[in-house]
Amino acid sequence: MSTQFRPPNMALTTVGLSLATFMQVLDTTIANVSLPTIAGNLGVSVNQSTWVITSFAVSMAISLPLTGFLTRRFGEVKMFIWSTLLFSLASFLCGIAQSMGMLILFRAIQGAVAGPMYPVTQALLISIYPPAKRGMALALLAMVTVVAPIAGPILGGWITDNYSWPWIFFINVPIGIFASMVIGAQMKERKDVTMRPKMDYVGLITLIIGVGALQIVLDKGNDEDWFSSTFIVVTSIVAVLGIAVFLIWELTDKEPIVDLRLFRHRNFRMGTLSLVLAYAAFFAIGLLVPQWMQRNLGYTSTWAGFASAPLGILPVLLTFIVGKYSTRFDLRLVASISFLVMGTTSFLRSDFFLDIDFMHIAGVQLLQGLGVALFFMPVTTILLSDLQPHEIAAGGGLATFLRTLGASFSASLTTFMWDRRAVVHHAQLTEHITPYDPTATQALGQLGGGDPQTAAAVVNQMITQQGYQISFNEVFHVLGWIFVSLIVVVWMTRPPFTAKAGPAAGGGH
C-alpha cells in the first residue's frame, strides 16, 4: 500500500492534474457546435453527425464505473498517465479521421479512456493534500468542472470558424502530453500497491450492454420520437434487461467489477443522491436556457453564449475562497445555501417573458454562479467522507458515472417536457381563436393586411412562441422545487466530513 506521499512541487502537480481534467471535461461539449461543419466536410447529414457526441458519451458512461477495478489493477498514477496519453492519441486520430465511421470509432475510444480521468484526478488530489488544504484542491477541481463545459462550445465554435474542425481535437495533444509528463515526473516515487482482481466478465458484458443501450436511448430518443420508434423500443428493452442482470450479478458476486456495496455508507449514499439530482437540474438549465434564447428571443448562438457566460464568473472568482473557508462551517449548511440560490434562480426564470432584456438574463446567470461556486466542493467532500482510502477512486468513479447518467436523463426528460407542454399550451391558446370571435377576427385582419393566410401564419408563430414560453416557465418551476428539496436530503448525512487519505490512497487493498 502506498504511504503518505507529497510530490516535490505541489503547485505543478496540481496544474498537471487540473489541465488533464479540464481537457477531458471540455471535450464533452467542444464538438457540439461544430457538428454541421463536420457533417458537411465528411459528407453526411447533421443528424448522422450527432453520433460523434453519442459515441463519446456511451463509451465514457461504460468506463466510468470501472475506475475502481482499473485502479486496483494498475494503480492510480499509472491509470492517470495512460488514460491521459491514450486520450491524446485518440484526439489526434479524431483530427485525422477521413470518414464519419472513423471519427465515431475514435471518439468512442476517446470516451472510453476519458472515463477514469476525473475520478482518478479527484483521488490523487485528496491523497497528496493535507486535510486542511484538501477543500481548496476539490474547489479547484469543481471550478474546472463548471468552466470547461461552458468554454467548450465557445472555444469549439471559434476554432472551427477561424481554423478547421480537426483542431478542436488536435489542441488536446500537447496538453495531454504535458500533463502526463508532469505527473510522471512528480509522482514517480509514489508506490501504489496493486492487485490482480479476478475479471468479472459477466458484470463487464452486462454493463456494456445495459449502460450502452441506455445511453443510446437517452441520446437518440428525442430524435426518434421516443417509443413510436421500433429502434428505441428494442434498445430500451435491451437496456432494462442488461442493467437488471448487471445489478443482480454485481450484488451477489464476491469480486464484482463495480462495487455497489459502497452504498452501504450513509454519506456516500445521500451525498451521491444530492450530487446526481442537483447536477441533473443544473445540466438541464445549461441546456434549456441557450435553446430558449435562440428559439424564443431570436438570439444567435454567439449571443446566447455571451448571455450564458456570466454563470462561470463567480465560480472562478470564489473557488479558492470557498475551498479555504467553507470547511470552517458545516458543509451541509454550505450545500444548503447552494441549493437555495440555485432554486431561487430557477424560480426567477419561471417568470421570464418574451420581451425580457439581455441584462436580466445575464444577471440571473451571474447569481446562479454563486450557487454553483458553493455546490461541487461541499457535496463531493460529503459523499467521499465515509469511504475508506482505497475506496475513494471507486466511489468517485461510481458517483461521476451516476452524475453523468443523471445529466443524460435530465437532458432527455426536460427537452421532452418542454416540447410536449408547448404543444399542449399551443392547443389551449388556439381554442380562443375562432371565426365567431369578433375580437380575434378583427386582430387577424389587421395582422395579415387583409390576407387571411398571412394573418394565420403570423398568429400561429406568436402562439407557438407563447406556448414554448409557458412550457419553459413550468419546467423551471419544477427545477426550482428539486433544488429546494435537496436541502432536506443533504441534512441526512452525518459529520465529520473529511475525505480520508492514508496508507491505502493508492487504490490497493
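Even glycines carry a Cβ here, placed using N, Cα and C.
The domain 'Major facilitator superfamily (MFS) profile' annotation in TrEMBL covers 13-498.
Summarising the annotation, TrEMBL assigns transmembrane segment to 51-70 (among others).
Under the heading transmembrane segment, TrEMBL lists 79-98 (among others).
Taken from TrEMBL, the feature transmembrane segment covers 104-126 (among others).
Same-chain residues lying 6+ beyond the ends of the transmembrane segment (138-159) with a Cβ under 8 Å from its Cβ atoms: 14, 18, 21-22, 25-34, 118, 121-122, 125-126, 165, 167-168, 171, 286, 301-302, 305, 308-309, 311-312, 315-316, 319-320, 322-323, 326, 372-373, 375-377, 380-381, 499. For 138-159 (among others), the entry in TrEMBL reads transmembrane segment.
Feature annotation from TrEMBL assigns transmembrane segment to 165-187 (among others).
Per TrEMBL, the feature transmembrane segment maps to 199-218 (among others). Within the chain carrying the transmembrane segment (199-218), a Cβ under 8 angstroms from the stretch's Cβ atoms is held by residues 54, 57-58, 61-62, 65-66, 69, 232, 235-236, 238-246, 249-250, 253, 255-258, 405, 408-409, 411-412, all 6 or more beyond its ends.
Summarising the annotation, TrEMBL assigns transmembrane segment to 230-249 (among others). Long-range Cβ contacts of the transmembrane segment (230-249) within its own chain (Cβ-Cβ under 8 Å, at least 6 residues beyond either end) map to 200, 202-203, 206-207, 209-211, 213-214, 216-217, 220-221, 224, 256, 260.
Summarising the annotation, TrEMBL assigns transmembrane segment to 270-289 (among others).
Long-range contacts of the transmembrane segment (301-322) within the same chain, counting only residues at least 6 positions beyond its ends with a Cβ under 8 Å from a Cβ of the stretch, are 33, 135-136, 139-140, 142-143, 146-147, 150-151, 153-154, 157, 286, 289-290, 293-294, 334, 358, 361-363, 365-366, 368-370, 372-374, 377. TrEMBL lists 301-322 (among others) with the feature transmembrane segment.
Residues 274, 278, 281-282, 285, 322, 364, 367-368, 370-375, 378-379, 381-382, 476-477, 479-484, 486-487, 490-491, 493, 495, 497 of the same chain, all 6+ positions outside the transmembrane segment (329-348), place their C-beta atoms under 8 angstroms from a C-beta of that stretch. Sequence annotations record features per position, and here TrEMBL assigns transmembrane segment to 329-348 (among others).
Per TrEMBL, the feature transmembrane segment maps to 360-384 (among others). Using a Cβ-Cβ cut-off under 8 Å and counting only residues 6 or more beyond its ends in the same chain, the transmembrane segment (360-384) has close neighbours at 122, 126, 134-135, 138-139, 141-142, 145-146, 267-268, 270-272, 274-275, 278, 282, 285, 289, 293, 306-315, 317-319, 322-323, 326-327, 331-332, 334-335, 337-342, 344-345, 348-349, 352, 392, 395-396, 399, 490, 493, 497-500.
Positions annotated as transmembrane segment by TrEMBL: 475-493 (among others). Note on the transmembrane segment (475-493): residues 266-267, 270-271, 273-274, 277-278, 281, 284-285, 288, 332, 335-336, 339-340, 342-344, 346-347, 349-350, 352, 379, 382, 385, 414, 417-418, 421 of its chain, located 6 or more positions outside it, place their CB under 8 angstroms from a CB of the stretch.
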| field | Average pLDDT across the domain 'Major facilitator superfamily (MFS) profile' (13-498), rounded to a whole number | value | 85
